[in-house]
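J.: One structure, pasted below without further comment.
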Amino acid sequence: MNPYVLMILLSSLGLGTTLTFASSHWLLAWMGLEINTLAITPLMAQHHHPRAVEATTKYFLTQATAAAMILFASTTNAWMTGEWNITELSDPLANTMFMTALALKIGLAPMHFWMPEVMQGLDLLTGLILSTWQKLAPFALIIQTAQNIDPLLLTLLGVTSTLVGGWGGLNQTQLRKILAYSSIAHMGWMIIVIQYAPQLTLIALGTYIIMTSAAFLTLKMSLTTKLSTLATTWSKSPILTATTALVLLSLGGLPPLTGFMPKWLILQELTKQDLPIVATIMALAALISLYFYLRLCYAMTLTISPNMINSTTPWRTQTTQTSMPLALFTMATLGLLPMTPTILMLAT
């Protein structure tokens, strides 16, 4: 892609998110989300592969549907209450419709069906943008309106997403689909606590972005998109394989890695709010997710791949990719747990 075009598209991505962050009026927020969608569409289709074009079309249609629902919900709210302010979302029909639209935008279950399919059709860097940056603007709106939305709806979305994210990833061999289901499960953890402690949602979103960036950049470095190829990476770069296993365990939420922090704080908050059953379901759903991360770790580090493997064995050539972002994200993914009190103090 032409570097000037790429610069314009990335700037538009930044502009769309910033516009949504800064707006207090529904139309401005909607405009920011639309700019975001239109800016990422050419990035998704840039390789002109049929799968990439199909993924782009699916993504565009779902995002356009969600945007239309947001516009309809905000117009309904303005019609009923005379208010265009984002925080004044008081009409019950409008706020349920609005939450459903945003759930569709970020891929919360049961509106998640587009997410794995779209992710499978993209290259790793565009998949990284879709999993991290594209979640920011909708989450800004959800956090602003969470207090007006029915708590039962938020709890149902959160529990369903963690369960679906766990179950869906169990049988997958494609790494991008696994990361898509991982994203759905993490979104569920963020939504479940948003009505009680929005600062914990921000901490969970921040750690999710760090861990997912480390996972995607690792796969990009080792040029891997399938489980069978992942099993051959140990011979090419054993240290990278070891850190990849730890990054995956961090995504699963095992202590003493960074991924344990948001899960621990969210379970603690749910228990404080006298919701032990919800906290138990969330903890058990996290175990399901942990199983498929352990499956990846087992295939990658504890087995030697069979000689009759279908994928091409990677050459031990020097890579031209820059490894500094990967190193920084991996360090953050593995070592932020001792910083929990500081992070909590900064967030509150």
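Cβ coordinates are placed from backbone N, Cα and C, and glycine is handled just like the others.
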J.: Among 32-51, 152-171, find the range that TrEMBL records as transmembrane segment.
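T.: It is 152-171 that TrEMBL describes as transmembrane segment.
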J.: Can you identify, from 125-143, 239-257, the stretch that TrEMBL calls transmembrane segment?
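T.: Checked against TrEMBL: transmembrane segment maps to 239-257.
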J.: So which residues does the transmembrane segment (326-347) touch in its own chain, when a touch means Cβ under 8 Å and the partner is 6 or more beyond its ends?
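T.: Contacts with the transmembrane segment (326-347): 199-200, 202-203, 207, 210-211, 213-214, 217-218, 221, 243, 246-247, 250, 255-261, 265.
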J.: Taking the domain 'NADH dehydrogenase subunit 2 C-terminal' (290-344) alone, what is its mean pLDDT?
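T.: Mean per-residue confidence for the domain 'NADH dehydrogenase subunit 2 C-terminal' (290-344): 82 out of 100.
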